[in-house]
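Colleague: Right, I'll just put the structure down here and ask away after.
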Amino acid sequence: MSKDMKYLVLENYIGGKFVPCSKLIDSFDPSTGEVYCKVPDSGAEEVNAAVRAAKEAFPDWSAKSPADRSKVLNKLADLIEARLEEFVQAESKDQGKTITFARNVDIPRSAYNFRFFASSVLHHTNDCSQMDHMGCLNYTIRCPVGVAGLISPWNLPLYLLTWKIAPAVATGNTVVAKPSEMTSVTAWMMCQLLEEAGFPPGVVNIVFGTGPRAGDALVSHPDVPLISFTGSTATARLITERSAPHCKKLSLELGGKNPAIIFADADMEQCISTTVRSSFSNQGEICLCTSRIFVERSVYPEFLTRFVEATRRWKTGVPSDPSNDNGALISKEHLQKVKGYITLALAEGAQVHCGEGVDKLALPQQNIGGYFMLPTIISGVKDSSALMQEEIFGPVTCVTPFDEEEEVISRANNVRYGLSATVWSRDVGRVHRVARKLQAGLVWTNCWLVRDLNLPFGGMKHSGIGREGGKDSYHFFTEVKSVTVKH
């Protein structure tokens, strides 16, 4: 950004070049509520150009060996790590998350996504069988699909964008990606590194803009046979409808209403500290955050008291202050939506123990217009309430007692979502038993957010379609072909 410019102005990255866009969208600094960046408002014209560039690059890129592609991915990881602090500062300012979270989670994981898939693509095996009575040998081949359309969300901007780009290009596809228009800066910064990393023009194309314009043009494009999307269930329905006429491969990672089940024999100290983190990390703007907490009745009073005390020690404030645990929510509209659930809770007779409407948040004068909200704990909520049924996606969690194991499993499953769950107990038999019965794609016991990227990631029910990670990403971003050779 030049000194005479008021705003940072982003450009699309198409065919190895930065391309200005005549239409621009305001992007806000969540910590101040002020415009600080202009993002392309791309539409069909820009998406079409990106798809053409990706199609032209596909034959040569897909013909490269996995080892050659792996070297390019590792080089990009090196370049991101070399500029780690620049990416950290940009991600924090653009998204509102704390600089500590961006430094410890977002940017290191973004680089690691490239390293992980650079390695894993070298170690996949295919199937083979011999039919002696027919004199035939059968084997499978995995081939890249073509141009991959990738749409990533605003909560973990570079982290989830690279989670999609890395396996797509590692397996030989070319990419047209659309990050969220609210958090586009680190994707734009990554584009500045692609040529140096060794990506030929057109292998990775980034088109910025809104879902209704750029996103719709991408998912409905006849030359994009594959879509990977992370975001809301409502948007996923539209993507499914728009892509259906073209029979596209879809991977949809959607919302969650994730339960924590805390039995009386849980390690209470570890459980409380982890549940504070699982409920409120990144302002509660993680699809895996805990938003329903079921506590066995005999320890419910103790848990609730200690949980409220621990949550009040969780600091909310200016994202650039490394002592803060939470920063600002993504937008004014989202803040109002989340606060609306507190209004609903009070109208339904629930009790707010801490946070919104109970405690005061002191902010510097320049941040008064920012989108801040204290972590909020609510009790006395019915299972049928919107607070227990809908994804809030903010620093709000509900706590409720339970009596029996089968009862709490039934209540935990009684939502339309099925992304993740946590179970707290020292009884190994119980945690295995409960994990098997929970309708969730990921179940953590006595921990949260421990991830082996080799294992499948995704949800059940309205939390998504398909899985990604390790061999699941390899399978999604390739097509399998069976070959029979008679000898």
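Cβ coordinates come from backbone N, Cα and C, glycine included.
Copying in the features that Swiss-Prot gives for the protein in this structure:
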| type | residues | note |
| --- | --- | --- |
| SITE | Asn155 | site 'Transition state stabilizer' |
| BINDING | Gly231, Ser232, Thr233, Ala234, Thr235, Ala236 | NAD(+) binding site |
| ACT_SITE | Glu253 | active site, proton acceptor |
| ACT_SITE | Cys287 | active site, nucleophile |
Colleague: With the residue listed as 'active site, nucleophile' as the reference Cα, tell me which of the binding-site residues Ser232, Ala234, Thr235, Ala236 is the closest one.
Modeller: Ser232
Colleague: Measuring Cα to Cα, tell me the gap between Ala236 (NAD(+) binding site) and Glu253 (active site, proton acceptor) in whole angstrom.
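Modeller: Pair distance, Cα basis, whole Å: 9 Å.
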Colleague: Hey, how far is Ala234 (NAD(+) binding site) from Glu253 (active site, proton acceptor), Cα to Cα, in Å?
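Modeller: Cα of Ala234 (NAD(+) binding site) to Cα of Glu253 (active site, proton acceptor) measures 12 Å after rounding.
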Colleague: An 8 Å radius from the center of the Gly231, Ser232, Thr233, Ala234, Thr235, Ala236 Cβ atoms defines the neighbourhood of the NAD(+) site; name the other residues of that chain inside it, in order.
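Modeller: Sorted by sequence, the hits are Phe229, Arg237, Leu238, Ile239, Leu254, Gly255.
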Colleague: Among the recorded positions Asn155, Gly231, Thr233, which ones place their C-alpha within 10 angstroms of the C-alpha of Glu253 (active site, proton acceptor)?
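Modeller: For Glu253 (active site, proton acceptor), the recorded positions whose Cα atoms are within 10 Å come to Gly231, Thr233.
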Colleague: For the recorded positions Ala234, Ala236, Cys287, work out the Cβ neighbour count at 10 Å and name the residue with the minimum.
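Modeller: With the recorded positions Ala234, Ala236, Cys287, fewest surrounding Cβ atoms within 10 Å: Ala234.
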Colleague: Compile a sequence-ordered list of residues in the same chain as Gly231 (NAD(+) binding site), six or more apart from it, whose Cβ lies below 8 A from its Cβ; state 'none' when nothing qualifies.
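Modeller: Ile151, Pro153, Leu254 - these are the non-local Cβ neighbours of Gly231 (NAD(+) binding site), listed in sequence order.
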Colleague: If I take the alpha carbons of Thr235 (NAD(+) binding site) and Asn155 (site 'Transition state stabilizer'), what is the distance between them in whole Å?
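Modeller: Between the alpha carbons of Thr235 (NAD(+) binding site) and Asn155 (site 'Transition state stabilizer') there are 16 Å.
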Colleague: Cα distance, Ser232 (NAD(+) binding site) to Asn155 (site 'Transition state stabilizer'), nearest Å?
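Modeller: That comes out at 12 Å between the alpha carbons.
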Colleague: Count the Cβ atoms, other than its own, that fall within 10 Å of the Cβ of Asn155 (site 'Transition state stabilizer'), considering every protein chain shown.
Modeller: 25
Colleague: Determine, from DSSP, whether Thr235 (NAD(+) binding site) sits in helix, strand or coil.
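Modeller: The three-state answer is helix.
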Colleague: Is it possible to get the count of other C-beta atoms within 10 angstroms of the C-beta of the residue listed as 'active site, proton acceptor'?
Modeller: 27
Colleague: May I ask which residues of the same chain, at least 6 positions away in sequence, place their Cβ under 8 angstroms from the Cβ of Ser232 (NAD(+) binding site)?
Modeller: Leu254, Gly255, Glu391
